[in-house]
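The N-myristoyl glycine feature in Swiss-Prot is assigned to Gly2. What Swiss-Prot records for 2-72 is region 'Interactions with CD4 and CD8', and it gives similarity to another entry as the kind of evidence. Taken from Swiss-Prot, the feature S-palmitoyl cysteine applies to Cys3, Cys5. Annotation source Swiss-Prot lists domain 'SH3' at 61-121, citing sequence analysis. Per Swiss-Prot, ubiquitin cross-link is recorded for Lys99, Lys276, and the stated evidence type is similarity to another entry. Here Swiss-Prot flags 154-242 as region 'Interaction with PTPRH', drawing on similarity to another entry. According to Swiss-Prot, the feature phosphotyrosine maps to Tyr192, Tyr394, Tyr505.
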Amino acid sequence: MGCVCSSNPEDDWMENIDVCENCHYPIVPLDSKSTLPIRTGSEVRDPLVTYEGSLPPASPLQDNLVIALHSYEPSHDGDLGFEKGEQLRILEQSGEWWKAQSLTTGQEGFIPFNFVAKANSLEPEPWFFKNLSRKDAERQLLAPGNTHGSFLIRESESTAGSFSLSVRDFDQNQGEVVKHYKIRNLDNGGFYISPRITFPGLHDLVRHYTNASDGLCTKLSRPCQTQKPQKPWWEDEWEVPRETLKLVERLGAGQFGEVWMGYYNGHTKVAVKSLKQGSMSPDAFLAEANLMKQLQHPRLVRLYAVVTQEPIYIITEYMENGSLVDFLKTPSGIKLNVNKLLDMAAQIAEGMAFIEEQNYIHRDLRAANILVSDTLSCKIADFGLARLIEDNEYTAREGAKFPIKWTAPEAINYGTFTIKSDVWSFGILLTEIVTHGRIPYPGMTNPEVIQNLEKGYRMVRPDNCPEELYHLMMLCWKERPEDRPTFDYLRSVLDDFFTATEGQYQPQP
(Lines of atoms letter the chains of each structure in order from A and count residues from 1; the text may use other names and numbers.)
(Lines give C-alpha, C1' and ligand atoms only; values in the text may rest on other atoms or scores of the structure.)
Protein backbone atom coordinates (compact mmCIF):
# COMPACT_ATOMS: atom_id res chain seq x y z
CA MET A 1 0.00 0.00 0.00
CA GLY A 2 1.07 3.60 -0.44
CA CYS A 3 -0.08 7.22 -0.36
CA VAL A 4 0.53 10.51 -2.07
CA CYS A 5 1.14 13.26 0.45
CA SER A 6 -0.85 16.44 -0.04
CA SER A 7 -0.29 19.85 1.45
CA ASN A 8 -4.08 20.33 1.68
CA PRO A 9 -5.52 17.59 3.92
CA GLU A 10 -9.30 17.63 4.28
CA ASP A 11 -9.95 15.18 7.09
CA ASP A 12 -13.69 15.75 7.27
CA TRP A 13 -14.17 14.33 3.76
CA MET A 14 -12.36 11.09 4.54
CA GLU A 15 -14.78 9.09 6.64
CA ASN A 16 -14.65 5.32 5.95
CA ILE A 17 -11.33 5.70 4.07
CA ASP A 18 -7.98 4.45 5.39
CA VAL A 19 -5.54 7.32 5.47
CA CYS A 20 -1.80 7.74 5.88
CA GLU A 21 -0.89 8.69 9.47
CA ASN A 22 1.61 11.28 8.26
CA CYS A 23 -0.30 13.13 5.56
CA HIS A 24 -3.91 11.96 6.02
CA TYR A 25 -4.15 11.14 2.30
CA PRO A 26 -6.17 8.04 1.20
CA ILE A 27 -4.35 4.69 1.18
CA VAL A 28 -5.57 2.30 -1.51
CA PRO A 29 -4.60 -1.40 -1.57
CA LEU A 30 -2.84 -2.62 -4.68
CA ASP A 31 -5.65 -5.07 -5.36
CA SER A 32 -8.43 -2.57 -4.75
CA LYS A 33 -11.32 -2.81 -7.20
CA SER A 34 -13.01 0.36 -6.01
CA THR A 35 -13.35 3.52 -8.06
CA LEU A 36 -10.75 5.16 -5.87
CA PRO A 37 -7.47 6.06 -7.58
CA ILE A 38 -5.26 3.07 -8.38
CA ARG A 39 -1.68 3.16 -7.13
CA THR A 40 0.93 1.79 -9.54
CA GLY A 41 4.43 2.18 -8.21
CA SER A 42 4.46 5.69 -6.76
CA GLU A 43 1.60 7.05 -8.93
CA VAL A 44 -2.10 7.35 -8.16
CA ARG A 45 -4.18 6.92 -11.32
CA ASP A 46 -7.79 7.51 -12.27
CA PRO A 47 -9.53 4.33 -13.50
CA LEU A 48 -11.92 6.37 -15.69
CA VAL A 49 -9.18 8.09 -17.68
CA THR A 50 -7.11 6.50 -20.44
CA TYR A 51 -3.53 7.60 -19.85
CA GLU A 52 -1.02 8.10 -22.61
CA GLY A 53 1.85 5.61 -22.79
CA SER A 54 5.16 6.26 -21.12
CA LEU A 55 6.91 8.57 -23.54
CA PRO A 56 10.13 10.49 -23.04
CA PRO A 57 9.40 14.08 -22.03
CA ALA A 58 9.20 16.50 -24.92
CA SER A 59 11.87 19.16 -25.18
CA PRO A 60 10.59 22.33 -23.51
CA LEU A 61 9.58 25.04 -25.97
CA GLN A 62 11.31 28.37 -25.73
CA ASP A 63 9.57 31.10 -23.75
CA ASN A 64 9.25 33.37 -26.78
CA LEU A 65 7.22 30.89 -28.84
CA VAL A 66 3.48 31.40 -29.23
CA ILE A 67 0.64 29.52 -30.92
CA ALA A 68 -2.04 31.29 -32.97
CA LEU A 69 -5.48 30.88 -31.39
CA HIS A 70 -7.17 32.42 -34.44
CA SER A 71 -6.24 33.08 -38.05
CA TYR A 72 -5.30 36.66 -38.93
CA GLU A 73 -5.50 38.37 -42.31
CA PRO A 74 -2.99 41.25 -42.64
CA SER A 75 -4.56 44.64 -43.29
CA HIS A 76 -1.84 47.17 -42.47
CA ASP A 77 1.58 48.04 -43.80
CA GLY A 78 3.92 45.94 -41.66
CA ASP A 79 1.59 43.41 -40.03
CA LEU A 80 1.97 39.65 -40.43
CA GLY A 81 -0.77 37.20 -41.40
CA PHE A 82 -0.97 33.69 -39.95
CA GLU A 83 -3.24 30.65 -39.66
CA LYS A 84 -4.83 29.19 -36.53
CA GLY A 85 -2.41 26.73 -34.91
CA GLU A 86 0.67 28.29 -36.50
CA GLN A 87 3.73 28.78 -34.29
CA LEU A 88 5.49 32.13 -34.16
CA ARG A 89 8.54 33.49 -32.38
CA ILE A 90 8.09 36.81 -30.58
CA LEU A 91 10.91 39.22 -31.43
CA GLU A 92 9.65 42.34 -29.63
CA GLN A 93 6.84 42.47 -27.07
CA SER A 94 5.51 45.99 -26.61
CA GLY A 95 2.00 47.42 -26.50
CA GLU A 96 -0.79 45.58 -28.29
CA TRP A 97 1.12 44.77 -31.50
CA TRP A 98 4.08 42.42 -31.10
CA LYS A 99 6.83 41.93 -33.64
CA ALA A 100 7.02 38.23 -34.55
CA GLN A 101 8.42 35.73 -37.03
CA SER A 102 6.38 32.87 -38.43
CA LEU A 103 8.07 29.48 -38.03
CA THR A 104 6.06 28.33 -41.06
CA THR A 105 6.96 31.03 -43.59
CA GLY A 106 9.94 32.73 -41.94
CA GLN A 107 8.29 36.12 -42.54
CA GLU A 108 8.40 38.87 -39.93
CA GLY A 109 5.85 41.51 -39.01
CA PHE A 110 3.55 42.79 -36.28
CA ILE A 111 0.80 40.57 -34.85
CA PRO A 112 -2.18 41.35 -32.55
CA PHE A 113 -1.26 40.25 -29.02
CA ASN A 114 -4.73 38.84 -28.28
CA PHE A 115 -4.67 36.35 -31.18
CA VAL A 116 -1.83 34.22 -29.72
CA ALA A 117 -0.93 32.34 -26.53
CA LYS A 118 2.32 31.07 -25.04
CA ALA A 119 3.19 27.72 -26.59
CA ASN A 120 4.66 26.18 -23.45
CA SER A 121 1.67 26.84 -21.22
CA LEU A 122 -1.99 26.04 -20.61
CA GLU A 123 -3.06 29.20 -22.47
CA PRO A 124 -3.82 27.53 -25.85
CA GLU A 125 -6.34 25.19 -24.18
CA PRO A 126 -9.90 26.32 -24.98
CA TRP A 127 -10.98 25.65 -21.38
CA PHE A 128 -8.18 27.65 -19.73
CA PHE A 129 -8.72 31.34 -18.90
CA LYS A 130 -5.56 32.96 -17.55
CA ASN A 131 -6.57 36.27 -15.98
CA LEU A 132 -10.23 35.85 -15.07
CA SER A 133 -11.91 36.71 -11.78
CA ARG A 134 -14.60 34.56 -10.22
CA LYS A 135 -17.22 37.17 -11.09
CA ASP A 136 -16.09 37.43 -14.71
CA ALA A 137 -16.07 33.62 -14.96
CA GLU A 138 -19.76 33.70 -14.06
CA ARG A 139 -20.42 36.41 -16.63
CA GLN A 140 -18.64 34.45 -19.35
CA LEU A 141 -20.39 31.15 -18.60
CA LEU A 142 -23.86 32.72 -18.32
CA ALA A 143 -23.43 34.61 -21.59
CA PRO A 144 -25.35 33.52 -24.72
CA GLY A 145 -23.72 30.55 -26.45
CA ASN A 146 -23.02 28.58 -23.28
CA THR A 147 -25.23 25.84 -21.84
CA HIS A 148 -25.58 23.41 -18.95
CA GLY A 149 -22.18 21.84 -18.30
CA SER A 150 -20.12 24.56 -19.99
CA PHE A 151 -16.95 25.04 -17.98
CA LEU A 152 -13.59 26.74 -17.64
CA ILE A 153 -10.49 26.49 -15.49
CA ARG A 154 -9.00 29.74 -14.23
CA GLU A 155 -6.10 30.81 -12.10
CA SER A 156 -6.88 31.29 -8.43
CA GLU A 157 -7.29 34.94 -7.44
CA SER A 158 -5.95 34.33 -3.93
CA THR A 159 -3.33 31.56 -4.27
CA ALA A 160 -0.55 31.77 -6.86
CA GLY A 161 -0.07 28.52 -8.75
CA SER A 162 -3.53 27.20 -7.88
CA PHE A 163 -6.63 26.87 -10.06
CA SER A 164 -10.42 26.82 -9.85
CA LEU A 165 -13.03 25.01 -11.95
CA SER A 166 -16.19 26.96 -12.83
CA VAL A 167 -19.20 25.06 -14.22
CA ARG A 168 -22.58 26.25 -15.51
CA ASP A 169 -25.48 24.41 -13.85
CA PHE A 170 -29.24 24.73 -13.41
CA ASP A 171 -30.84 25.33 -10.02
CA GLN A 172 -34.59 24.82 -9.50
CA ASN A 173 -34.87 28.01 -7.46
CA GLN A 174 -32.28 30.29 -9.06
CA GLY A 175 -32.30 29.08 -12.67
CA GLU A 176 -28.97 29.16 -14.53
CA VAL A 177 -26.08 29.43 -12.07
CA VAL A 178 -22.32 28.92 -12.00
CA LYS A 179 -20.67 26.70 -9.40
CA HIS A 180 -17.01 26.88 -8.46
CA TYR A 181 -14.65 24.16 -7.25
CA LYS A 182 -11.17 24.60 -5.85
CA ILE A 183 -8.54 22.53 -7.63
CA ARG A 184 -6.02 21.58 -4.97
CA ASN A 185 -2.33 20.90 -5.53
CA LEU A 186 -0.37 17.80 -4.56
CA ASP A 187 3.23 18.03 -3.44
CA ASN A 188 4.26 15.82 -6.37
CA GLY A 189 2.73 18.24 -8.87
CA GLY A 190 -0.64 16.57 -9.32
CA PHE A 191 -4.14 17.96 -8.76
CA TYR A 192 -7.44 16.99 -7.17
CA ILE A 193 -10.90 18.36 -6.47
CA SER A 194 -12.05 15.45 -4.32
CA PRO A 195 -9.46 13.67 -2.18
CA ARG A 196 -10.88 10.39 -3.50
CA ILE A 197 -9.11 10.82 -6.81
CA THR A 198 -6.03 12.64 -8.08
CA PHE A 199 -4.67 13.54 -11.49
CA PRO A 200 -1.13 14.08 -12.80
CA GLY A 201 -2.28 17.10 -14.85
CA LEU A 202 -5.24 19.38 -15.51
CA HIS A 203 -5.86 17.70 -18.89
CA ASP A 204 -6.49 14.42 -17.06
CA LEU A 205 -8.80 16.14 -14.58
CA VAL A 206 -10.85 17.64 -17.42
CA ARG A 207 -11.00 14.29 -19.23
CA HIS A 208 -12.26 12.50 -16.10
CA TYR A 209 -15.05 14.97 -15.26
CA THR A 210 -16.09 15.07 -18.92
CA ASN A 211 -16.71 11.32 -18.70
CA ALA A 212 -18.48 11.38 -15.31
CA SER A 213 -19.70 14.05 -12.90
CA ASP A 214 -18.27 11.96 -10.01
CA GLY A 215 -19.56 14.30 -7.30
CA LEU A 216 -19.61 17.57 -9.27
CA CYS A 217 -22.92 19.28 -9.96
CA THR A 218 -22.86 17.94 -13.54
CA LYS A 219 -20.57 16.40 -16.14
CA LEU A 220 -18.39 18.87 -18.00
CA SER A 221 -19.85 19.30 -21.49
CA ARG A 222 -17.74 21.78 -23.46
CA PRO A 223 -15.34 24.65 -22.80
CA CYS A 224 -16.80 28.11 -22.26
CA GLN A 225 -17.53 29.65 -25.65
CA THR A 226 -15.95 32.99 -26.46
CA GLN A 227 -15.89 35.05 -29.60
CA LYS A 228 -12.86 35.75 -31.71
CA PRO A 229 -11.36 38.92 -30.22
CA GLN A 230 -11.36 42.19 -32.08
CA LYS A 231 -7.85 43.03 -33.16
CA PRO A 232 -6.28 46.03 -31.41
CA TRP A 233 -6.40 49.39 -33.12
CA TRP A 234 -3.34 50.13 -35.25
CA GLU A 235 -1.47 52.56 -33.00
CA ASP A 236 -0.54 55.18 -35.60
CA GLU A 237 -4.14 55.75 -36.73
CA TRP A 238 -5.57 58.54 -34.52
CA GLU A 239 -6.65 61.53 -36.63
CA VAL A 240 -8.00 59.76 -39.70
CA PRO A 241 -9.40 61.04 -43.02
CA ARG A 242 -13.19 60.91 -43.35
CA GLU A 243 -12.90 58.84 -46.54
CA THR A 244 -11.41 55.92 -44.59
CA LEU A 245 -14.84 55.39 -43.01
CA LYS A 246 -17.87 53.80 -44.63
CA LEU A 247 -21.12 54.38 -42.71
CA VAL A 248 -23.37 51.35 -43.20
CA GLU A 249 -26.29 51.41 -40.76
CA ARG A 250 -27.70 54.23 -38.66
CA LEU A 251 -28.09 52.94 -35.12
CA GLY A 252 -29.69 56.00 -33.58
CA ALA A 253 -29.92 59.76 -33.41
CA GLY A 254 -29.62 62.01 -30.39
CA GLN A 255 -29.75 65.69 -29.60
CA PHE A 256 -26.23 66.30 -30.86
CA GLY A 257 -25.77 63.88 -33.73
CA GLU A 258 -26.13 60.36 -35.05
CA VAL A 259 -24.51 57.01 -34.32
CA TRP A 260 -23.64 54.63 -37.17
CA MET A 261 -22.24 51.17 -37.57
CA GLY A 262 -19.52 51.31 -40.16
CA TYR A 263 -16.18 50.02 -41.37
CA TYR A 264 -12.76 51.57 -41.16
CA ASN A 265 -10.62 50.95 -44.26
CA GLY A 266 -13.12 48.32 -45.34
CA HIS A 267 -12.14 45.73 -42.72
CA THR A 268 -12.62 46.90 -39.12
CA LYS A 269 -16.17 47.13 -37.77
CA VAL A 270 -16.61 50.29 -35.70
CA ALA A 271 -19.20 52.64 -34.26
CA VAL A 272 -19.09 56.20 -35.57
CA LYS A 273 -20.68 59.11 -33.71
CA SER A 274 -21.25 62.04 -36.06
CA LEU A 275 -21.68 65.33 -34.16
CA LYS A 276 -23.87 68.11 -35.52
CA GLN A 277 -21.91 71.06 -36.80
CA GLY A 278 -21.50 73.75 -34.18
CA SER A 279 -22.21 71.44 -31.24
CA MET A 280 -18.63 71.80 -29.95
CA SER A 281 -15.33 73.42 -30.85
CA PRO A 282 -13.09 71.10 -32.92
CA ASP A 283 -10.00 72.31 -31.04
CA ALA A 284 -11.59 71.73 -27.63
CA PHE A 285 -12.84 68.34 -28.78
CA LEU A 286 -9.40 67.22 -29.95
CA ALA A 287 -7.83 68.26 -26.65
CA GLU A 288 -10.46 66.31 -24.69
CA ALA A 289 -10.24 63.32 -27.04
CA ASN A 290 -6.50 63.09 -26.41
CA LEU A 291 -7.32 62.72 -22.71
CA MET A 292 -10.16 60.29 -23.34
CA LYS A 293 -8.03 57.91 -25.38
CA GLN A 294 -5.73 57.48 -22.37
CA LEU A 295 -8.64 56.13 -20.32
CA GLN A 296 -8.53 52.44 -21.18
CA HIS A 297 -10.43 49.90 -19.11
CA PRO A 298 -12.54 46.82 -19.92
CA ARG A 299 -15.67 48.67 -18.74
CA LEU A 300 -15.10 51.77 -20.88
CA VAL A 301 -15.90 51.92 -24.58
CA ARG A 302 -12.56 52.12 -26.37
CA LEU A 303 -11.94 55.33 -28.32
CA TYR A 304 -10.10 54.41 -31.51
CA ALA A 305 -9.79 57.51 -33.68
CA VAL A 306 -11.30 60.88 -34.58
CA VAL A 307 -12.12 63.04 -37.58
CA THR A 308 -11.50 66.58 -36.36
CA GLN A 309 -12.93 68.51 -39.31
CA GLU A 310 -16.63 69.29 -38.94
CA PRO A 311 -18.79 67.36 -38.78
CA ILE A 312 -16.66 65.77 -36.07
CA TYR A 313 -16.55 61.95 -36.09
CA ILE A 314 -15.77 59.87 -33.00
CA ILE A 315 -14.74 56.31 -33.89
CA THR A 316 -15.12 53.71 -31.12
CA GLU A 317 -15.41 49.98 -30.67
CA TYR A 318 -18.74 48.57 -31.87
CA MET A 319 -21.17 47.11 -29.31
CA GLU A 320 -23.71 44.75 -30.88
CA ASN A 321 -26.67 45.41 -28.56
CA GLY A 322 -26.54 49.19 -28.64
CA SER A 323 -27.47 51.41 -25.71
CA LEU A 324 -28.58 49.91 -22.41
CA VAL A 325 -31.76 51.99 -22.29
CA ASP A 326 -32.88 50.55 -25.64
CA PHE A 327 -31.68 47.01 -24.97
CA LEU A 328 -33.63 46.77 -21.69
CA LYS A 329 -36.86 47.25 -23.67
CA THR A 330 -36.16 44.47 -26.18
CA PRO A 331 -37.52 40.92 -25.71
CA SER A 332 -34.03 39.80 -24.63
CA GLY A 333 -33.73 42.69 -22.18
CA ILE A 334 -37.18 42.20 -20.68
CA LYS A 335 -36.33 38.56 -19.90
CA LEU A 336 -33.31 39.50 -17.76
CA ASN A 337 -33.80 38.61 -14.09
CA VAL A 338 -32.83 40.86 -11.20
CA ASN A 339 -29.53 39.01 -10.71
CA LYS A 340 -28.39 39.85 -14.24
CA LEU A 341 -29.68 43.42 -14.00
CA LEU A 342 -27.67 43.98 -10.84
CA ASP A 343 -24.63 42.41 -12.48
CA MET A 344 -24.94 45.03 -15.24
CA ALA A 345 -25.08 47.72 -12.55
CA ALA A 346 -21.93 46.24 -10.97
CA GLN A 347 -20.11 46.38 -14.30
CA ILE A 348 -21.00 50.06 -14.71
CA ALA A 349 -19.88 50.80 -11.13
CA GLU A 350 -16.58 49.06 -11.92
CA GLY A 351 -16.01 51.35 -14.91
CA MET A 352 -16.96 54.43 -12.92
CA ALA A 353 -14.61 53.36 -10.10
CA PHE A 354 -11.81 53.51 -12.67
CA ILE A 355 -12.92 56.98 -13.82
CA GLU A 356 -13.01 57.99 -10.13
CA GLU A 357 -9.50 56.61 -9.60
CA GLN A 358 -8.24 58.60 -12.61
CA ASN A 359 -9.72 61.83 -11.18
CA TYR A 360 -11.97 62.16 -14.22
CA ILE A 361 -15.69 63.03 -14.36
CA HIS A 362 -18.33 61.66 -16.71
CA ARG A 363 -20.97 64.45 -16.39
CA ASP A 364 -23.69 62.60 -18.32
CA LEU A 365 -24.05 59.16 -16.74
CA ARG A 366 -27.31 57.46 -17.76
CA ALA A 367 -28.47 54.28 -19.46
CA ALA A 368 -28.44 55.98 -22.88
CA ASN A 369 -24.66 56.35 -22.51
CA ILE A 370 -24.03 52.72 -21.53
CA LEU A 371 -23.46 50.26 -24.40
CA VAL A 372 -24.11 46.51 -24.35
CA SER A 373 -22.16 43.79 -26.18
CA ASP A 374 -23.57 40.58 -27.61
CA THR A 375 -22.35 38.78 -24.47
CA LEU A 376 -24.21 41.34 -22.29
CA SER A 377 -21.05 43.10 -21.19
CA CYS A 378 -21.70 46.75 -20.30
CA LYS A 379 -19.34 49.60 -21.14
CA ILE A 380 -19.48 53.31 -20.40
CA ALA A 381 -19.52 55.68 -23.38
CA ASP A 382 -19.33 59.44 -23.95
CA PHE A 383 -17.36 60.17 -20.77
CA GLY A 384 -16.26 63.80 -20.61
CA LEU A 385 -18.03 64.98 -23.77
CA ALA A 386 -20.86 66.83 -22.00
CA ARG A 387 -18.60 69.65 -20.84
CA LEU A 388 -17.70 70.55 -24.44
CA ILE A 389 -21.25 71.05 -25.71
CA GLU A 390 -21.90 74.62 -26.82
CA ASP A 391 -25.66 74.36 -27.45
CA ASN A 392 -27.57 77.02 -25.44
CA GLU A 393 -30.45 74.61 -24.84
CA TYR A 394 -27.95 72.38 -23.03
CA THR A 395 -25.61 74.81 -21.31
CA ALA A 396 -28.49 76.77 -19.76
CA ARG A 397 -29.14 73.69 -17.56
CA GLU A 398 -32.85 74.47 -17.52
CA GLY A 399 -32.86 74.05 -21.31
CA ALA A 400 -34.86 71.35 -23.03
CA LYS A 401 -31.78 69.28 -23.88
CA PHE A 402 -30.22 69.25 -20.41
CA PRO A 403 -30.69 65.87 -18.62
CA ILE A 404 -32.33 67.34 -15.51
CA LYS A 405 -33.70 64.02 -14.24
CA TRP A 406 -30.22 62.48 -14.05
CA THR A 407 -28.37 65.52 -12.68
CA ALA A 408 -27.43 66.23 -9.06
CA PRO A 409 -28.98 69.35 -7.44
CA GLU A 410 -25.62 71.14 -7.05
CA ALA A 411 -24.92 70.62 -10.76
CA ILE A 412 -28.38 71.89 -11.73
CA ASN A 413 -28.24 74.94 -9.47
CA TYR A 414 -24.57 75.94 -9.59
CA GLY A 415 -23.02 74.01 -12.48
CA THR A 416 -20.81 72.14 -9.99
CA PHE A 417 -19.90 68.78 -11.52
CA THR A 418 -17.76 66.35 -9.52
CA ILE A 419 -17.42 62.59 -9.26
CA LYS A 420 -20.05 62.88 -6.51
CA SER A 421 -22.55 64.35 -8.97
CA ASP A 422 -21.79 61.28 -11.11
CA VAL A 423 -22.69 59.14 -8.06
CA TRP A 424 -26.10 60.87 -7.91
CA SER A 425 -26.60 60.10 -11.62
CA PHE A 426 -25.64 56.47 -10.98
CA GLY A 427 -28.47 56.21 -8.44
CA ILE A 428 -30.88 57.40 -11.15
CA LEU A 429 -29.34 54.94 -13.62
CA LEU A 430 -30.10 52.13 -11.15
CA THR A 431 -33.81 53.00 -11.41
CA GLU A 432 -33.56 52.78 -15.21
CA ILE A 433 -32.04 49.32 -14.92
CA VAL A 434 -34.61 47.81 -12.53
CA THR A 435 -37.53 49.32 -14.49
CA HIS A 436 -36.17 48.15 -17.86
CA GLY A 437 -35.57 51.63 -19.20
CA ARG A 438 -38.38 53.70 -17.71
CA ILE A 439 -37.79 57.47 -17.69
CA PRO A 440 -37.00 58.62 -14.12
CA TYR A 441 -39.56 60.58 -12.08
CA PRO A 442 -42.52 59.25 -14.09
CA GLY A 443 -45.25 61.82 -14.62
CA MET A 444 -43.08 64.79 -13.62
CA THR A 445 -41.82 67.58 -15.86
CA ASN A 446 -38.27 68.89 -15.51
CA PRO A 447 -39.36 72.04 -13.59
CA GLU A 448 -41.43 69.86 -11.24
CA VAL A 449 -38.40 67.65 -10.59
CA ILE A 450 -36.27 70.70 -9.70
CA GLN A 451 -38.96 72.08 -7.36
CA ASN A 452 -39.48 68.74 -5.63
CA LEU A 453 -35.75 68.13 -5.17
CA GLU A 454 -35.46 71.52 -3.45
CA LYS A 455 -38.09 70.29 -0.96
CA GLY A 456 -36.10 67.13 -0.25
CA TYR A 457 -38.17 64.81 -2.44
CA ARG A 458 -36.60 61.57 -3.66
CA MET A 459 -37.95 59.09 -6.18
CA VAL A 460 -40.07 56.35 -4.61
CA ARG A 461 -38.89 52.74 -4.72
CA PRO A 462 -39.72 51.25 -8.14
CA ASP A 463 -41.77 48.06 -8.35
CA ASN A 464 -39.68 44.87 -8.11
CA CYS A 465 -36.74 46.84 -6.68
CA PRO A 466 -35.16 45.05 -3.68
CA GLU A 467 -35.19 47.13 -0.49
CA GLU A 468 -31.41 46.83 -0.19
CA LEU A 469 -30.97 48.27 -3.68
CA TYR A 470 -33.31 51.17 -2.92
CA HIS A 471 -31.20 51.87 0.17
CA LEU A 472 -28.16 52.08 -2.12
CA MET A 473 -30.02 54.52 -4.39
CA MET A 474 -30.87 56.71 -1.41
CA LEU A 475 -27.18 56.81 -0.43
CA CYS A 476 -26.41 58.10 -3.93
CA TRP A 477 -29.04 60.82 -3.48
CA LYS A 478 -27.69 62.31 -0.25
CA GLU A 479 -28.06 66.09 -0.28
CA ARG A 480 -24.42 66.78 0.62
CA PRO A 481 -22.11 65.44 -2.12
CA GLU A 482 -19.46 64.40 0.40
CA ASP A 483 -21.99 62.09 2.10
CA ARG A 484 -22.49 60.03 -1.04
CA PRO A 485 -20.56 56.76 -1.39
CA THR A 486 -17.58 56.18 -3.65
CA PHE A 487 -17.93 54.16 -6.83
CA ASP A 488 -15.48 51.65 -5.40
CA TYR A 489 -17.90 51.07 -2.52
CA LEU A 490 -20.87 50.81 -4.90
CA ARG A 491 -18.99 48.28 -7.02
CA SER A 492 -18.14 46.10 -4.03
CA VAL A 493 -21.74 46.10 -2.75
CA LEU A 494 -23.25 45.32 -6.16
CA ASP A 495 -20.66 42.65 -6.95
CA ASP A 496 -21.64 40.71 -3.85
CA PHE A 497 -25.31 41.72 -3.69
CA PHE A 498 -26.65 38.15 -3.69
CA THR A 499 -23.50 36.25 -2.74
CA ALA A 500 -22.25 38.00 0.39
CA THR A 501 -23.78 35.37 2.67
CA GLU A 502 -23.16 32.37 0.40
CA GLY A 503 -20.06 30.17 0.21
CA GLN A 504 -18.01 31.09 -2.82
CA TYR A 505 -16.93 27.51 -3.49
CA GLN A 506 -18.75 24.19 -3.53
CA PRO A 507 -17.74 21.64 -0.86
CA GLN A 508 -15.46 18.85 -1.98
CA PRO A 509 -17.41 16.04 -3.66
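Keep in mind that glycine also has a Cβ here, set from the backbone N, Cα and C atoms.
Owing to the predicted nature of the structure, the values given are computational and were not obtained by experimental measurement.
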- Message: If I take every residue in the domain 'SH3' (61-121) and average their pLDDT values, what number comes out?
- Response: 89
- Note on the structure: Helix, strand and coil residue totals from DSSP for the region 'Interaction with PTPRH' (154-242) stand at 11 helix, 28 strand, 50 coil
- Task: Pop the Cα-Cα gap between Tyr192 (phosphotyrosine) and Lys99 (ubiquitin cross-link) into the table, whole Å please.
- Result: 39
- Message: Tell me the coarse DSSP state (helix, strand, coil) of Lys276 (ubiquitin cross-link).
- Response: coil
- Message: Can you tell me the CA-to-CA distance separating Tyr192 (phosphotyrosine) and Lys276 (ubiquitin cross-link), as a whole number of Å?
- Response: 61
